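Trainee: My structure is below; once you've seen it, I'll send some questions.
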Amino acid sequence: GGGGGAAMADGEGLLSVDYEVYGKVQGVFFRKYTQGEAKRLGLVGWVQNTSHGTVQGQIQGPTARVQELQEWLRKIGSPQSRISRAEFSNEKKIKALEHKEFQILK
């Protein structure tokens, strides 16, 4: 556990990025693990399955943490998943978080 709000280091702005992960990523608890990892890193956003067999969503938070989750989405995922690739788009600096938490959307 930590204290109150963590102070952001200078130059450590907030980043928002959309993602889509391809491979065997549905039915392997991918969303649950992504949510857990995002919460561990203190990120907000969402994750959902798509109708075409991928997982997509959005991540928002401190730049370095967002990049950590991007690496995780690219290489690790849930234990039973097989990631073929992860694509990121709409990367932009934001002034404030647009989500309250990291949600799994149906």
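Note that Cβ sites are derived from N, Cα and C of the backbone, with glycine treated the same way.
Bear in mind that the values here come from a model prediction, so they are computed numbers and not experimental data.
According to TrEMBL:
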ACT_SITE  Arg31  active site
ACT_SITE  Asn49  active site
DOMAIN    16-106  domain 'Acylphosphatase-like'
Trainee: Applying a 10 Å Cβ distance cut-off over all chains shown, what neighbour count does Arg31 (active site) have?
Mentor: 21
Trainee: Around Asn49 (active site), how many other CB atoms lie within 10 A of its CB?
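Mentor: So the Cβ neighbour count for Asn49 (active site) comes to 18.
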